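Let me begin by presenting the structure, written as structure tokens, before commenting on it.
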Amino acid sequence: MGILGLSKLLYDKSPNAIREQELKNFFGRRIAVDASMSIYQFIIAMKGFQDGQGLELTNEKGDVTSHLNGLFARTLRMIDEGIKPIYVFDGKPPKLKADELEMRRQKAAEAERAFEKAKDAGDDEMMEKMSKRTVRVSRDQIDESKKLLRLMGIPVIQAPSEAEAQCAELVKKGKAWAVGTEDMDALTFGSTVMLRHLNISDAKKRPIVEIHLDEVLQTTGLSMDQFVDLCILLGCDYVPKVPGIGPQKAWEGIQRYGSIESFLESLDTTKHPVPADFYYKEARAFFQNPEVTRAEEIDIQFSEPDEVGLIQFLVKEKLFNPDRVNKGIARLRAAFTRKTQGRLDSFFTITKVPQQTAAARAPLVGTKRPRDGKYVHVSGTLRKATSGHKKAVKK
């Protein structure tokens, strides 16, 4: 879930902290990528629907390969642009997330029932919508994704808990420049730079959204502690929302009272009853001090691709097109042997112009709003681009 409504709120309150970029603009950058989120996106993007049945991208043996196809293609695309991705995988979820995970399971079960109901009614549009809501990333898909990345020579990090928190740790300690994820809580965990839409296909022509935490804090006048409290009030994975407290009330509450404690004291509890399990102090502590492996203990190494291993895994086991795999290996080798060309901004000290706080700045007219974050079905182009694979009815 991330942080509910935070993206739109930042566009409203701190638009200067947000930039739209092209992939090529991140040349030379190390980016810590939320691997589980990326794999989920690839599966959703390649999930089709036809004749009342959900379709998966499979090979000739019937093995689902959408996660490997997407990961292989997008990683190569980043490598081509001189980007150095570091994939971070989720570990054990914190106890605070138990209720959220149970709610997700219930929603998936509801989607299954809604799918069957729509099927009986012959509602293809509703069936396709519900089919995508039942998608889950399996343990086998995670393990295969790790294997592929290691064979490609791309660093893989196993987080002890939340991947976004581990990614933020790498950024805060200078091991990576930004976190690549759709979950806005990467900022709440303290990542100084966050990138959204990093894994969306170039064919959609959707820009990558770059958000700078320091500029958010400077423009809004919030401290980091207050920003964390704001995110908790907006709605996060670890505590329920306070009824009737939307983005604007949460924003005004933190601006006026400075903390969740003082804000709750001001509330009319008959209108806004605080849930008994609103353990905001525990959520705050987790955001401020999450379970991570210290960046200093992580050795990040990019290595040459394992050509024999890639051919064995992708071509012989997963039945990928040999020509496609060989071309991918050539691109990986070229990137590994390419002489490092530094970014211009590494040679200069760049001084940022101070920005006004929210109170001092006049309202901005015509501020750009974020685009819809829905995933668009593009199975047709993907089918064409992945020779040797086909759409098959999900068993």
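Every residue, even glycine, has its Cβ placed from backbone N, Cα and C.
The region 'N-domain' annotation in Swiss-Prot covers 1-108.
Under the heading Mg(2+) 1 binding site, Swiss-Prot lists ASP34, ASP90, GLU162, GLU164. Listed in sequence order, ALA35, SER36, ALA159, SER161, GLU162, ALA163 are the same-chain residues at least 6 apart in sequence whose CB falls under 8 Å from the CB of ASP90 (Mg(2+) 1 binding site). DSSP gives ASP90 (Mg(2+) 1 binding site) a coil state; it is part of no helix or strand.
Here the Cβ of GLU162 (Mg(2+) 1 binding site) has 29 other Cβ atoms within 10 Å, regardless of which shown protein chain they belong to. What Swiss-Prot lists as DNA binding site is ARG74, GLU162, GLY235, ASP237.
Here Swiss-Prot flags 116-136 as region 'Disordered'.
For 126-257, the entry in Swiss-Prot reads region 'I-domain'.
Under the heading Mg(2+) 2 binding site, Swiss-Prot lists ASP183, ASP185, ASP237. Annotation note: ASP183 (Mg(2+) 2 binding site) sits in a coil segment as assigned by DSSP.
Sequence annotations record features per position, and here Swiss-Prot assigns region 'Interaction with PCNA' to 340-348 based on sequence analysis.
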Expressed in angstrom and rounded to a whole number, the DNA site built from ARG74, GLU162, GLY235, ASP237 spans a maximum Cα-Cα distance of 31
How many Å separate the Cα atoms of GLY235 (DNA binding site) and GLU164 (Mg(2+) 1 binding site)? 16
Same-chain neighbours of the Mg(2+) 1 site, Cβ within 8 Å of the mean position of the Cβ atoms of ASP34, ASP90, GLU162, GLU164 and not counting those residues, run in sequence order as SER36, MET37, VAL88, ALA159, ALA163, ALA165, GLN166, CYS167, THR181, ASP183
Based on Cβ atoms within 10 Å, give me the single least packed residue among the binding-site residues ASP34, GLU164, ASP185. ASP185
